[in-house]
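Below: the structure, in structure tokens.
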Amino acid sequence: MTLDLSKPATAGYLSGFANEFATEALPGALPHGRNSPQRAPYGLYAEQLSGTAFTAPRGHNRRSWLYRIRPAAVHRPFEPYAGAQRLVSEFGDSADVPPTPPNQLRWDPLPMPVEPTDFVDGLVTMAGNGSAAAMNGCAIHLYAANRSMQDRFFYSADGELLIVPQQGRLFIATEFGRLDVEPFEIAVIPRGVRFAVALPDGNARGYICENFGALLRLPDLGPIGSNGLANPRDFLTPQAAYEDREGAFELIAKLNGRLWRADIGHSPLDVVAWHGNYAPYKYDLRLFNTIGSISFDHPDPSIFLVLQAQSDTPGVDTIDFVIFPPRWLAAEDTFRPPWFHRNVASEFMGLVHGAYDAKAEGFVPGGASLHNCMSGHGPDADTFEKASASDTTKPHKVDATMAFMFETRTLIRPTRYALDTAQLQADYFECWQGIKKHFNPEQR
């Protein structure tokens, strides 16, 4: 099976989360009984791609063996890349990262580019924390593009890329095979995996959380039991597919927040077979099994957790990826929207589709908001008044929505670009100014 991004994929996927997969595009391309034979089938080269330390515990160890036409080392030397100058990977004080205000922040969608712009050149860093060099924290990027990647390929050595499309499908050709991803789905490209992105719908826009630290995993379910939230079988990994092309190609690498380019005389998407548990995957957010209260109160948003990156502190994650999908609300005598909140964690939100049930207006698909550590937030004035007077004896369906959140244990620091851009809503704070005083000490 070969790669062709000019049309939708016809191959199926491999089902499961972090399984030990084995797949080949040519019969017998996978060596039998060993990883690195003296001579691999079809004249291929054996190459291991390690996503964790060799000595990581078996349950956390991630690696794959790739059988490819040429090793990944075959390319010309890298040199600085002149494009995509709005990326940041170090989130200490700098010209790119000014002092972080405690204000609630919200942005309109990133505009579509006027000039031809592909996925790589359409990247801009909005915020983040930690350090790519120290392999902790994350960077939160937006992308807006209107052209497919042409004879160029990209990888990030800084972290795994959690991609959340908001507008336009992405046909992603990777070393492991192909992922077709549309809005309402997510894709995760592991650190180091080379890929190219085609835009079948012309324009594309979305969000990326680049995870510098421990790999994303499914959360433990605790009292929920053995099923629920994001079920492992619904995660899809590509089957092996390759292209054997020679020509003048460009390989772009992201290392320590900077982009580098190298000439390469062949397509690096030349893996004919592979096996292992370190591979790209996608997931349809519409398959999320939402948990909620059927008595009273609005549970904590941790019930909406899709993926987590764990820290060295039990119960505290470096990154939580949370969604707010369509769902039924049935709690009686309860304020049903998300409540007013101050959080030790920091919250970057985006909206894929529809409206968010805590904001009547201003938060639109493609937009974003940031509520940092201990910054008060919650429903706007209109939402509060309506929800306080609604009939809670009847269930209500929150429909036509798909919001999400990147939540982190440490401060999410907006970049200079994010604080200076015209998309920043200077009047965001006004949505709470109309909240009325109802207190009356004479009337309970």
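Just so you know, the numbers here start at 1 and follow the chain as drawn.
Glycine is no exception: its Cβ is also placed from the backbone N, Cα and C atoms.
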Site co-member for Fe cation according to Swiss-Prot, given Glu347, His377, out of His341, His396: His341
His298, His341, His377 as recorded positions, winner by CB count within 10 A: His377
CB contacts for Tyr356 (homogentisate binding site) [other CB atoms within 10 A, all chains]: 25
DSSP three-state assignment for Tyr356 (homogentisate binding site): coil
Surrounding CB atoms that lie within 10 Å of the CB of Glu347 (Fe cation binding site), all protein chains: 21
